[in-house]
Amino acid sequence: MIINVVDAHSSGAPCRIVVGGLEPLNITGETMLDKKKYVEQHHDWLRTSLLQEPRGHPALNADLVVPPCDPTADVGLVIINQRPIYPVMSGGNILCFVSSILEAGVVPIDQTTDITTVRVDTPAGIVVAHAKCSGDRVEHVTVENVPSFATHLNHQLEVPGLGTLTVDVAYGGMFYVIVSADDLGLTIDPENASRIVELGERVRNAAVSSVTVENPAATGFSSVDAVLVASAPRSGDNHGRSAVVMPMLPGPPRFPAGVQGLIDRCPCGTGTSAQVAALVAKGELALGEEFRQESIIDEVYSVRAAREAVVGEHKGIVPALTGSAHLIAKSEIFVSDDDPLRHGFTVGDIWPGAVRA
C-alpha cells in the first residue's frame, strides 16, 4: 500500500497530512464523528504506521483528508494523536491541515482575493478557516475554535509534594488545568522540559483525582486532559508564555517520572483557547482583545474571544485562533506486507509503554 503525505509544522508542532492513498480503506460513516470512530476501530494501524518508528517520532500527529459528510464542506478531516486518541479538534492540526491542502492543491487557492475560505468537516462540526494567501503560499490561517469555558477559577488544588496550588480549569477543545510556572518554581525554557513534564503530570494527576469536569455539549470529555503551565511573556509584543504538557499514555501518570509526557512544541490552540476563556471569565481580558501566546521555543499564536457563548450552565466564549504553518516535505509512504515492522514500533528510551505494534 502506498500512502501520499505532506509533512508540515505549525510553530514547531509537526503534522503528517495524508492527502492520498486511503481510498481502498473505504472509510465510512454518516458523520465525521462516525468516520473518526471507524478509523479508530478498524484502521488504528494507520496511527502506528504513520507516527511510530521507523517513520515517525513522539511529537508527530497525523491528519487524514477524507470526503466530507456535510454537503457545505470543502473537505473532511480526521485527526490522529500519538496516544490512542482521535481528538475532535486541534488548533495546531487545523492550521497545518488547511495550509497543506491549499499549498498542495487538494483545495484550490482563490486567486481572485487574498483570503481563501475553507469549510472543514471535523468530528466537532464545521470549522471555517480563513487563509491569508499570497500567490501559491499561505501566510497565516484564522479559525474559530469550539465554544470554550472555565469550570473552576482560582481553585485550590492539593498536589502531593508541591503543596496547595491556585489553578484554573477550563475547556478549549480539551480540559486543561492552568497553573503558574512561578508556583512550580520553573521558567518555560527548553532545558527545563523534563522537569516541566514531571511537575505538570503531578498536577494533572491531582486534578484527575479531585476535580470533576464535564462538557455538556460534547460526549467523552469528563476528565482533565492536560496541563498548561503559564508565565509572563519574554517579548513586550506578547501577553503570555506557556508550555502544555500532554500525557503520552492514557490514564493517570506513572511515577517515578520517566518518559510519560511531552510538551507541545507550538503555543497550543486549544490550550490557549481554554486560558483565554478563563481570563475573560475573571475579567482580565475583554471580548475581542488579542492574547498573543509564546511557546517554549518562542513561537506565537494569537487568540481572541470573538464572541460570547453558553455551554450548558457555563458562560463562555468562541475563540478565534490565528497562526501559521510551513510545508517541509512531500513523500510516499510504503506499507509493505513483507515488512515485519510495517505497522510501527516503539522503544522505551524515548517512548512510554514501549510495544511492538
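Placed from the backbone N, Cα and C atoms, the Cβ positions cover glycine too.
TrEMBL lists S90 with the feature active site, proton acceptor. The active site, proton donor annotation in TrEMBL covers C268.
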How far is it from the residue listed as 'active site, proton acceptor' to the residue listed as 'active site, proton donor', counting Cα to Cα, in Å?
8
Give the sequence-ordered list of residues that share a chain with C268 (active site, proton donor), lie 6 or more positions from it, and have CB atoms under 8 Å from its CB.
G91, G92, L228, S242, V244, Q293, S295, Y301
